[in-house]
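Peer 1: Pasting in a structure now, in structure tokens, and then I'll have a few things to ask.
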Amino acid sequence: MDDPSSSGLGNFHRVPHGIPYSDSNEGDSDSFESLPPPIVDFDQYKVERFLQAPMCSGMKTSSNSDDNSESDLDIDPISPDLPTSVLGPSSLDIISLPNRAYDKAEEIARRVWEAGWTVVHHSHLPKWLRDNDFLIKGHRPPLNSFWACFKSIFRIHTETGNIWTHLLGFVAFLGVSVSFLVQPTIEIQWQEKAVFSAFFVGAIICLLFSWLFHTVYCHSERVGRFFNKLDYCGIALLTMGSFVPWLYYSFYCRMSPKIVYLVLIFVLGTACIVVSMWDKFAEPKYRPLRAGVFIGLGLSGVIPAMHYVITDGFWAAVDYAALGWLVLMAVLYILGALIYACRVPERIWPGRFDIWFQSHQIFHIFVIAAAFVHYHGISEIATYRLSFGDCVETE
Ligand SMILES: [Zn+2]
């Protein structure tokens, strides 16, 4: 369990004792310093200041049992649990009071920490967690603990849908991959298993990284940024992996275009990963750029598709290169990316899709649907191509 006092959770506004709360003043603490101490006794004043220190906004007191209630400001700086012997002037012991009060405060902090956290309003998130202004309530506060992040999978908040869509997608693809790869060699030869594995690995890594990112995003700025980069790498790897079986079977007996297009997608995918490593790439203002980069990577498939249509004809591409499935896959990816970039529907009805059916969840579902469509498409191409036997034509 992490130390709550070092959890970085003090970024939130807290109503100071006896001072009206103002959400507009970021520098509240400075103005408090200049106020005269409310209590004459210096030791007691220090105790009160210590107990008022921002400790863990976003965490709930043990009496607050509603997980979804907005209570980021509902923790009384002086806990009602605190015995009057600490606060009351009647039993003031000048020497031992600070130590006893410190122990009490530590005990309170420990109990609040163990009681867990509660969801917070968007305006009370630190800047690095403010990704989508149209999701108003239900955000996780910074948790600063991987254990707490993973436990949050089973709580309801703005990331619950994002976590579960790709966690279930990850499990589904793992199952599909295993059932494909354990087929006897007489049914599916090792070459097919190797080629399909490129797609399976891309899909599994993409969904795994995405699930991990959405789970630990609220840990801290450093951890969130690192996993965000992994998330983008996963998208690039899925796109690259998707191209491999398609190019392999579409240009089965044409070595030169096959190599050229495989190298092309490898170079473009690597470029995408390099761009994703740029720190500013994850900032909200670059959302359209992110969508554009990954749509561009996917649309690079238009070049080999046009090549096939020109050399073999449109209907051959539809019948033998699964062009219809590829187009459906592209439409799903592009539609998903556009929904992600435009943040619809929460942009139209801010606050209505905080928990379910927000744009990012729709994007996730489109990604899974597109990946399954692609799996179906490449299975058809492989079945068709392998029915012909070995290559007889020469280049
Ligand atoms: Zn995501």
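Each residue, glycine too, has its Cβ placed from N, Cα and C.
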Peer 1: Where TrEMBL shows HIS360, HIS364 binding Zn(2+), which of HIS214, HIS219, HIS307 is named for the same site?
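Peer 2: Of HIS214, HIS219, HIS307, HIS214 joins HIS360, HIS364 in the Zn(2+) site that TrEMBL records.
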Peer 1: Compile a sequence-ordered list of residues in the same chain as HIS360 (Zn(2+) binding site), six or more apart from it, whose Cβ lies below 8 A from its Cβ; state 'none' when nothing qualifies.
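Peer 2: Same-chain residues close to HIS360 (Zn(2+) binding site) (Cβ under 8 Å, separated by 6 or more) are ASN132, GLY161, ASN162, TYR340.
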Peer 1: Should anything in the same chain at least six residues away from the transmembrane segment (163-182) have a Cβ under 8 Å from its Cβ atoms, list it; otherwise answer none.
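Peer 2: For the transmembrane segment (163-182), the far contacts come to 153, 188, 193, 196-197, 200, 203-204, 207-208, 210-211, 214-215, 361, 364-365, 367-368, 371, 375.
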Peer 1: Taking the Cβ of HIS214 (Zn(2+) binding site) as reference, which residues of that chain separated by at least 6 in sequence fall under 8 Å from it?
Peer 2: GLU159, ASN162, ILE163, HIS166
Peer 1: Beyond the listed site residues HIS214, HIS360, HIS364, identify every same-chain residue whose Cβ lies within 8 Å of the center of their Cβ atoms for the Zn(2+) site.
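Peer 2: What remains near the Cβ centre is GLU159, GLY161, ASN162, ILE163, THR165, HIS166, SER210, GLN361, PHE363.
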Peer 1: For HIS364 (Zn(2+) binding site), which residues in the same chain are close in space, meaning a Cβ under 8 Å from its Cβ, but six or more apart along the sequence?
Peer 2: GLY161, ASN162, THR165, HIS166, GLY169, SER210, GLY336
